[in-house]
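Here TrEMBL flags Lys16, Lys17, Glu18, Leu19, Arg20, Arg145, Leu146, Gly147, Phe148, Gly149, Gly150, Gly151, Tyr152, Tyr153 as ATP binding site. Among the features that TrEMBL reports, substrate binding site is placed at Val63, Glu68.
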Amino acid sequence: MFFCIQRYYLMHLISKKELRKLQIKKLTEFANSKQKLSEDKILKEKLLRSSLLTKAESIGISVSMPIEVNTAPIIASLWKMGKRVYIPRCLPKRKMEFTLYDKNTILVKTKFGVLENHDSEAIVNNNLDLIIVPGLAYGLDRNSRLGFGGGYYDRFLEKYPTQTLSLANSAQFFKQTTWRVEEHDIPIEKLILVK
Ligand SMILES: Nc1nc2c(c(=O)[nH]1)N(C=O)[C@@H](CNc1ccc(C(=O)N[C@@H](CCC(=O)O)C(=O)O)cc1)CN2
Ligand SMILES: Nc1ncnc2c1ncn2[C@@H]1O[C@H](COP(=O)(O)OP(=O)(O)OP(=O)(O)O)[C@@H](O)[C@H]1O
């Protein structure tokens with residue numbers, strides 16, 4: 001019986017690649033809605049009240065693209081709270097590091113479309129108290145996460161384990177993980193949901 005159920009679920013799991021494509025389409029449409037604006041606000045407020053955040057002094061957070069939860073107002077609040085904010089930058093071999101981000105930082109757009117700090121003198125810190133991990137989809141049953149497919153966060157977190165948190169709007173979260181989770185996929189410690 002157990003094996004039959006397990007087989008049923010395996011047969012109905014979607015590949016990460018397929019779901020990525022579906023989610024990018026869904027999130028692109030959602031990005032233009034009023035609902036997204038209101039959910040961004042709710043998620044920001046919930047995050048700022050969470051104990052993981054209040055306890056953390058150094059925080060890793062990405063500069064969002066339009067289809068992601070808007071991190072600009074979150075970063076502004078973190079600065080006001082006196083937190084040290086670090087943003088990721090991609091390195092060769094799908095590696096990533098975090099660089100200090102303050103009001104004087106100049107951001108450069110990469111080929112992939114994200115803003116990064118490319119200053120060679122930037123302060124690098126990969127030992128952060130908390131990392132807010134971006135994603136396209138999250139599964140509530142396993143705290144699983146699907147990203148853009150670079151494998152940057154899984155590689156990074158394997159080397160520099162720390163507390164992780166993700167913000168999930170209504171277009172990003174799934175009650176069940178309907179995609180094939182792989183061995184290298186690191187679950188997110190805390191998911192903050194819009195509802
Ligand atoms: N806002 C934000 N920043 C982020 C991430 C994210 O998900 N969101 N990342 C989360 O991981 C990292 C960047 N993730 C990436 C994921 C995939 C590819 C990628 O597929 N690149 C193609 C080339 C794309 C092009 O040249 O246009 C490749 O390497 O083949 C690049 C970056 C770090 N910064
Ligand atoms: N820790 C790791 N060590 C080696 N390879 C890895 C590791 N994590 C991921 N990979 C490889 O990177 C590729 C992309 O992984 P995956 O599909 O999990 O990316 P993702 O989590 O969606 O992306 P991202 O973290 O950049 O948002 C896969 O080929 C995977 O095998």
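Here the Cβ of each residue, glycine as well, is placed from N, Cα and C on the backbone.
Any TrEMBL annotation is an automated prediction that lacks curation.
Only Phe148, in sequence order, out of the binding-site residues Val63, Glu68, Phe148 have a CB under 6 Å from ligand 2. Under DSSP, Leu146 (ATP binding site) is assigned to a strand (E or B) in the three-state scheme. Cα of Lys16 (ATP binding site) to Cα of Glu68 (substrate binding site): a distance of 18 Å. If you draw a 10 Å sphere around the CB of Glu18 (ATP binding site), it holds 12 other CB atoms from the protein chains shown. Taking a Cβ cut-off of under 6 Å from any atom of ligand 1, the binding-site residues Lys16, Glu18, Arg20, Leu146, Gly150 reduce to Gly150. Residue pair Glu68 (substrate binding site) / Leu146 (ATP binding site) shows a Cα separation of 13 Å. According to DSSP, Val63 (substrate binding site) sits in a coil region rather than a helix or strand.
Glu68 (substrate binding site) carries neither a helix nor a strand DSSP state and counts as coil.
The record assigns Lys16, Lys17, Glu18, Leu19, Arg20, Arg145, Leu146, Gly147, Phe148, Gly149, Gly150, Gly151, Tyr152, Tyr153 to the ATP site; their largest pairwise CA distance measures 20 Å. Following the DSSP three-state reduction, the secondary structure of Lys16 (ATP binding site) is helix.
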